């Protein structure tokens, strides 16, 4: 027997779904396959966010702020959790592949739905390119004289093979790759704690201990400027976690899997980041960090454990490939969902017999070759460039999530839907979304303030202008065709 809650939710969902056409042309295979379980979804989100940002990008954040960077991760993690709760509430109510684009279209209008969807695709592409760049850096440990673009090209071929398989196979591979890197982070934390307890040290290096957090300039050696300077990279570190919402269209039970993933994954990521980086900075002073290699690899190299250094390099390679895998999946499914909304080419609705949107997947693989070109043209600065652009895209996307959620709440309240009938409500609404939104506005302001990230804001503004122009042109063409 269905409860009144289920009836109200279904009625509202049905009315909203009417605005989102899902039919393909006659004879075409245009539907996704179910097959992602709760563990797949949780570890896919972990695979997206615990990757380059932790294993590689964290070095720049540490150098900018010093030990106080841990506070930046805590504050950013809290804001991200609120964004994820807002996204989770909408995903549980309307589990569709279009996710952000679909929600923005429903509640904010077609223009913001169009720009949000394409910005997400752009964001996932940029994050994936950053990870392609990171792979080439990690391979430099073993092959220092080999051109970086060779490794970038190799990883693109690997991702092409994975992303064209059935979603259940994809989910299993992502699950096990995520298990490897999560296990490595846990092992590193436990190993670091053991080193601190037993007082191990390396001749010629600073003695590991908690004092490394307070000496060498104190907790905030670069002051408030350093704290603010690291926020852009910190936000970028969490990029990809929103992939949870995109998986809803292929989840076996989205009404159970999505809330569990949203409630557990952000907290786990925050713990992994704070604990892992805290241990790193107790073992190796913050000012000894180098952005030329992973802080994790640097630790074991500094402590004189060469075998562990190579093992961990395998782990960070797995982490980067896992993140590229999940982000490519997210972008491909977004293109599929947008095609059903008429916001991307209709060809992206086409799927294989296994339910894989092959046209969207091939586009993403082709776009990843941009990462190969970046590594060939400017190997030393490629990661910094794409990271700064990705930070703007992530921030814009999360702002649209909060705005869409607020618009949904207002619509439901006007429709007379009680708050008690919401399946997965954001806690302390609207206070917590205001906090998260204010934090994101601060990050955007910091992008404009610091010269190093100003290029991100400029590139972001250019992107929004270009995608807006495309929207206006395509809308005009469609109107002319219907006249």
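Heads up, the Cβ atoms here are built off N, Cα and C, so glycines get one too.
Bear in mind that TrEMBL entries carry predicted annotations, made automatically and left uncurated.
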**OP:** Give the range, chosen from 223-248, 327-352, that TrEMBL lists as transmembrane segment.
**Re:** 223-248
Original post:
Looking at 19-45, 424-450, which one does TrEMBL call transmembrane segment?
Top reply: 424-450
Original post:
Relative to the transmembrane segment (179-203), which of 65-84, 149-167, 223-248, 269-287, 307-326 accounts for the most Cβ pairs at distances under 8 Å?
Top reply: 269-287
Subject >> Non-local residues, at least 6 beyond the ends, that sit with Cβ under 8 Å of the transmembrane segment (223-248) >> reply: 36, 40-41, 44-45, 48-49, 51, 53-54, 57-58, 60-62, 64-66, 68-69, 71-73, 76-77, 80, 83-84, 87-88, 90-92, 95-97, 99-100, 120, 123-124, 127, 254, 257-258, 261-262, 265-266, 269, 273, 323, 326-327, 329-330, 333-334, 337, 387-388, 390-391, 394-395, 397-398, 401, 442-443, 446-447, 449-450, 452-453, 456
Subject >> Recorded stretches the transmembrane segment (118-143) and the transmembrane segment (149-167) touching, at least 3 CB pairs under 8 Å >> reply: yes
Original post:
For the transmembrane segment (269-287) and the transmembrane segment (65-84), does the number of C-beta pairs under 8 Å, pairs 6 or more apart in sequence, reach 3 or more?
Top reply: yes
Original post:
Taking the transmembrane segment (456-477) as the reference, which of 65-84, 307-326, 424-450 gives the largest number of Cβ pairs under 8 angstroms?
Top reply: 424-450
